[in-house]
C-alpha cells in the first residue's frame, strides 16, 4: 500500500511545482510586458508616419478575406459584404531587444495607440464614415505591426441585368490611402487574390473568384501618384429561384394563349381568356420591374415578357376578327372563290377541320353524301311529278272551260257546270303559286344557311391555323431564352 501511495504523491508534488514555476514565468513576462510598454510609448506619437527617413517609403501589406455577402441590392447598385481586413507594416520606433525582456517577442495593444495607415474603401456607398474598429494590434520585437479588423462594407457596384436571371456581375472593392501618396506609403498585395477559404456560401450568389490588381493613378488635383489595390469580386447568380418563380409560370401561361383559338366560338370565353393571360403576365412584369434598376438595359426575362405580351395581344385581336367571321349571317357576302379553294379545300384538310357530323373516316362520309344525293333526286322527281300533274289538270280545266263555253253559246246549256269547272281551275292555280312560293323560301333559306356554314368553317380553319402558328412561336421563344441561359 505504501509503495503505491509514494509515487502518486511525488507526481502530485511535481505537478504543483511546475504550475508554480509557470505562474512565476507568466508573472515575470507580464512584468516585462508592462516595462516594455512604458519604455516604448514614453516618447512615442501616433500622429506621424513611423519612418526614420522621410524620403523612404513605408510599405503596407494588405490582405482581404471575404467572409460573407450580406446583400446585393441591384436596384440601388450596392454590394454589402462582411470582410476581414489585415494590414501589416513596420514601425521604426517600436523595436526592442527581446533578450533584454526575458525573450518577450510580441505584445498585443489597442490599435489607437500606434500609427495606422488611413487606408479606406474608395467606392464606399455608405452614409456612415466612422473610424475602423479599434481591435488590438500585434506588435513584434522587430517593429512589425499586424492589424486584423472586421468590417461590413457597402460598396457601389455597376450591375448589368441584361441576362437576368442568368447574369454574372463583377463588383470592385478598391482600397487605398486617402492622404498619403505613393512616395510616402506604398500598398503591396499580400496575395494575388482575395482569401475565400472562410467564405460562407450564399443562397443567391456563387463566387467564381476575387482577383487583386494594384493600380497607380495620378489624379488631376495632385501630381504625386496614388497607389491602390482593387479586388474584383466575380459573382454568378443562382437562377433556380427565379426559374421556378418567374420564368416557368410565364412559359406555362404563354402556352395558354394559343389554346384560346381552340375554344368554340359560341362559348363566349375566347376573348376573356386572352385578356386574363395578358393580366397575369402584367403582374409578373411588375414583379421583375420592382427588382431591377431603372436602366436602359432591359433584362432577358423582361424581353421575354414583352414578347409574350405582344403575342397575346395579337392573338386576342385575331380572335376578335375570327369571331366576326364566325358570326357572319345571311346578309354577308358569299365566301370568295380563292378562300373556298385555299381555306375550305386545302387548309381544312391540313388542319383536320370537318363540318358538323364529319370525321376522319372518309368511307362513312361518302355513304352519307350518296344518301343525301339520292334523297335530293327523289325530292326533285316528286316535285316535277306534282308540277306536271298540276299543269295537266290546269290544261284540262282550260279545255273544259272552252268546251262548256261553246256548248253554252250553241245549245243554251245552263252555266252551273261551267262555273264549277272555273272555280276548280282557279283553286289549282292558287295552289301552284303557293307551292312555288314555299319552294323558293326553302331554297333561299338553304342557300343562306349554307353561306353561314361556309363562313363558320372558314373561321374554324383560321382558328386552327393561328393556334399552331402561336404554339410554334411560344416554343421557339422558350427555347431561345433557355439557350441564352446556357
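Placement of Cβ uses the backbone N, Cα and C atoms for every residue, glycine included.
Sequence annotations record features per position, and here TrEMBL assigns signal peptide to 1-27.
As annotated by TrEMBL, domain 'Neurotransmitter-gated ion-channel ligand-binding' applies to 36-238. Model confidence over the domain 'Neurotransmitter-gated ion-channel ligand-binding' (36-238) stands at 90, taken as the mean pLDDT rounded to a whole number.
Sequence-remote contacts of a segment are chain residues at least 6 beyond its ends whose Cβ falls under 8 Å from one of its Cβ atoms, and for the transmembrane segment (241-264) they are 164-165, 204, 270-271, 273-274, 277, 280-281, 284, 287-288, 301, 304-305, 308, 311-312, 315-316, 318-319, 322, 463-464, 466-468, 470-471, 474, 477-478, 481. Per TrEMBL, the feature transmembrane segment maps to 241-264 (among others).
Among the features that TrEMBL reports, domain 'Neurotransmitter-gated ion-channel transmembrane' is placed at 246-481.
According to TrEMBL, the feature transmembrane segment maps to 271-292 (among others).
Here the transmembrane segment (304-325) has long-range neighbours at 247, 250, 253-254, 257-258, 260-261, 265, 270-271, 274-275, 277-278, 281-282, 284-285, 288, 298, 455, 458-459, 462-463, 466, 470, 473-474, 477, 481, meaning same-chain residues at least 6 beyond its ends whose C-beta is under 8 angstroms from one of its own. Marked as transmembrane segment by TrEMBL: 304-325 (among others).
Taken from TrEMBL, the feature transmembrane segment covers 465-483 (among others).
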Can you tell me which parts of the same chain pack against the transmembrane segment (271-292), counting only residues 6+ beyond its ends and a CB-CB cutoff under 8 A?
74-75, 161, 164, 246, 249-250, 253-254, 256-257, 259-260, 263, 299, 301-302, 305-306, 308-309, 312-313, 315-316, 319-320, 323
